[in-house]
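This report concerns only the one structure given below.
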Amino acid sequence: MKLSRRDFMKANAAVAAAAAAGLTIPTVVQAAAGSADSIKWDKAPCRFCGTGCGVLVGTQNGRIVASQGDPEAAVNRGLSCIKGYFLPKIMYGKDRLNQPLLRMKDGQYHKEGEFTPVSWQQAFDIMAEKFKQALKEKGPEAVGMFGSGQWTVWEGYAAAKLLKAGLRSNNLDPNARHCMASAVVGFMRTFGMDEPMGCYDDIEQADAFVLWGSNMAEMHPILWSRITDRRLSNEKVNVSVLSTFEHRSFELADNGMVFTPQTDLAIMNYIANYIIQNNAVDQDFLNRHVNFRRGATDIGYGLRPTDPLEKAAKNPGSDASDPMSFEEYKAFVADYTLEKTAKMSGVPEDQLEALAKLYADPNIKVVSYWTMGFNQHTRGVWANNLCYNLHLLTGKISKPGCGPFSLTGQPSACGTAREVGTFAHRLPADMVVTNEKHRQTAEQKWQLPAGTIPAKVGLHAVAQDRALKDGTLNAYWVMCNNNMQAGPNINEDRMPGWRDARNFVVVSDPYPTVSALAADLILPTAMWVEKEGAYGNAERRTQFWRQQVKAPGEAKSDLWQLVEFSKRFTVEEVWPAELLAQKPEYRGKTLYDVLFANGEVNKYPLTEIPADQLNDEARDFGFYLQKGLFEEYAGFGRGHGHDLAPFDSYHQARGLRWPVVEGKETLWRYREGTDPYVKAGEEVRFYGKPDGKAVIFALPFEPAAESPDKEYDLWLSTGRVLEHWHTGSMTRRVPELHRAFPQAVVFIHPLDAKSRNLRRGEKVRVLSRRGELISTVETRGRNRPPRGLVYMPFFDAAQLVNNLTLDATDPLSKEVDFKKCAVKLEKV
């Protein structure tokens, strides 16, 4: 599309609107000055967070030269945050990788060799050799992959097919394990289905917003602009923010609360108690739509079995629960009184009571938002469940302006990591590998012999680190993430495992990240609009984009790498004789033939792609690969509450929210009149559960795995900042973003700094029981910790904060608690 006068006027009008929200929009005028007629524009979702903003991408002479917020995108309405403003520049870092690099010595692969350019043929030769060796010597459990919530939908789906069906290994896990796993398990326990029931439209209809461990002002700034607009345009709207430290979201808060780490569990039980004691329960809703259960307690911390904390746990890893009555639940939460909760949490009584009244008042529509503060938590699943309790008790759920909403941090943590089944325990559309019927469904759709997919849950992210160190996971492929920097406790398991001579580690990445430089083989990867893609955002909105430029040099998309690598294996090399006996026609065929040239994936011809439209993968393989993968995948969910629209619909729309039935998207799930799966007269049906009822869980406060003591006397919480995304592998290569926040700092209370004889701007050594780093003291600015807590972002590769963190996880979700460990400071 060409830049028109109408587009010019739209862009300038949007700038004025953005200024009021404290946001920026790159104007088309600046990007296209003097050459408007030669810029081609096309739509795409933003490459960064899970909000799913729509952008217009301007290309010229084979390069991205501009971007702007898409005025037709319902999510962001033409706005861009500061990261979105600079999207074009993430593609063109000076150190962009453009050919495979293998550690070599004397012309051969060597674990301690220097990175040396090789061809794709050579790269896949050594990869295939190492994967086949691991399979032959130890079987499918010796191979694995760590994927991403930044994969496109079809990349994640192809990875699931290759690992779980082809190589017969469930050792596939995404980096979304580190951010969204607790939300997944929380949804499944309470509702029997994953992902939020509401949508962003709730913002304009809610009377109150409660943020639980979510700094939306910096992490989801476009959504925050909509909340800000709602709050400032209606004086009756209330914003409450809960966190373990003050941050920018507190600036809008009517009720900002800083609580002692881990005590959010107690606060939610207090609110439930308040609702019951003040007769604010929607009893009719409970009777018709809710069951009560008491969950197992003292479930451990996901550490190695030899750890003293695991040995001491009475029910390590238990997801068990027993039925209970409403009266029994009432008695359970009665222990969480206002006085007790205020003392535990450090939040004043009047603020706690004001918060409870929002949920209890039947005339106030409440939306609860959370991200990592809940999920990265040793009781993260419980935290999710307890928040659902509040909405279920009051009936404030699945209707406009009311509901619990788990926000996501990656662009397709929902659409790819969760929906297509790239977790070690999952298959597409909420199915799981431990369920025989689910495995049979997948095997039938994938045309596999019965028994191909293993029933055993694979290794989750932290378990992969431990298995690498222990030498039981030997061939390992990391795609579209920087886990050596982003994962916990780098020194004890991950780095030793990656550098163990028994193991061969491959990293696919556009840049030489900390992870890439720790690998044995680096594969150069196409980015964003250098390929055709699809993401699924936090409100169940699936969005497509077309390839708009070519990748540099020999860089190839993750999809191409996965599908091309499958050609290196014959079925005889990876499947036992008893499987082949069921499908003798597969003898002599490759995994590519069985998985991707199977009559389904390859049935859409190249003629469906316009002749002038870039699509490198499709033309390399000779068919419309992306469409074939999507339509095969979509077959899992259609008719089962996960309905996706036909492939071609998404290239026309600015995204559609599933389930999409008869061309109509669903804004609010489980509610009669808005969800096609709820029949007339049912009012509400939580159809993920066999009886259609959600579950309220009785779950207590339990302490963190590690707390400050006499020696390590401070809490450490980690996270992000507005200017950088995750490990900074993209944003730190944008000069403007790097200058805005060039290095990580330690945010600390001024009195804590003073008592340690530390001054702002001085160097300080931060130490935990696992490692140390040197950083800079910051006593001012956007983040204001209380006494006893310090905060550090993890974007800085020169300050690996995850040298400090503990690899304790929620035992149910296996998600790491990056928010709570103990550290001490030493003056340098």
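Placement of Cβ uses the backbone N, Cα and C atoms for every residue, glycine included.
What Swiss-Prot says about this one:
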- 1-33: signal peptide (SIGNAL)
- 39-95: domain '4Fe-4S Mo/W bis-MGD-type' (DOMAIN)
- CYS46, CYS49, CYS53, CYS81: [4Fe-4S] cluster binding site (BINDING)
- LYS83, GLN150, ASN175, CYS179, 212-219, 243-247, 262-264, MET372, GLN376, ASN482, 508-509, LYS531, ASP558, 718-727, ASN802, LYS819: Mo-bis(molybdopterin guanine dinucleotide) binding site (BINDING)
- PHE794: substrate binding site (BINDING)
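Under DSSP, residues within the domain '4Fe-4S Mo/W bis-MGD-type' (39-95) fall into helix, strand and coil as 9 helix, 21 strand, 27 coil. Within the model, the domain '4Fe-4S Mo/W bis-MGD-type' (39-95) shows a mean pLDDT value of 96, rounded to a whole number.
Around CYS81 ([4Fe-4S] cluster binding site), taking its Cβ as the centre, 29 other Cβ atoms fall within 10 Å, counting all chains.
Here the candidates are the binding-site residues CYS46, CYS49, CYS53, CYS81, PHE794, and by Cα distance the one nearest LYS531 (Mo-bis(molybdopterin guanine dinucleotide) binding site) turns out to be CYS46.
Its own atom aside, the Cβ of GLY213 (Mo-bis(molybdopterin guanine dinucleotide) binding site) has 24 Cβ atoms within 10 angstroms in the protein chains shown. Of CYS46, CYS53, CYS81, all annotated as binding-site residues, the residue with the shortest Cα distance to VAL721 (Mo-bis(molybdopterin guanine dinucleotide) binding site) is CYS81. Neighbour list (GLU246 (Mo-bis(molybdopterin guanine dinucleotide) binding site), Cβ cut-off 8 Å, at least 6 residues apart, same chain): GLY256, VAL258, ASN783, ARG784, PRO785, PRO786. Across the structure, GLU218 (Mo-bis(molybdopterin guanine dinucleotide) binding site) and CYS81 ([4Fe-4S] cluster binding site) are spaced 9 Å apart at their Cα atoms. In the three-state DSSP classification, GLU246 (Mo-bis(molybdopterin guanine dinucleotide) binding site) falls within a strand. Comparing Cβ neighbour counts within 10 Å across the binding-site residues CYS53, MET372, the minimum falls on MET372.
Taking a C-beta cut-off of under 8 Å and a sequence gap of six or more, HIS726 (Mo-bis(molybdopterin guanine dinucleotide) binding site) has these contacts in its own chain: GLY409, ASN482, ALA486, ARG720, PHE794, PHE795.
Just so you know, of the binding-site residues LYS83, LYS531, the Cβ with the fewest other Cβ atoms around it within 10 Å is the one at LYS83. Each of PHE48, THR51, GLY52, ASN76, SER80, LYS83, GLY84, PRO221, ILE222 belongs to the same chain as CYS46, CYS49, CYS53, CYS81, is absent from that list, and has a C-beta within 8 angstroms of the C-beta centroid marking the [4Fe-4S] cluster site. Other Cβ atoms within 10 Å of the Cβ of PHE794 (substrate binding site), summed over all protein chains shown, number 22. Secondary structure at PHE794 (substrate binding site), taken from DSSP and collapsed to helix, strand or coil, is coil.
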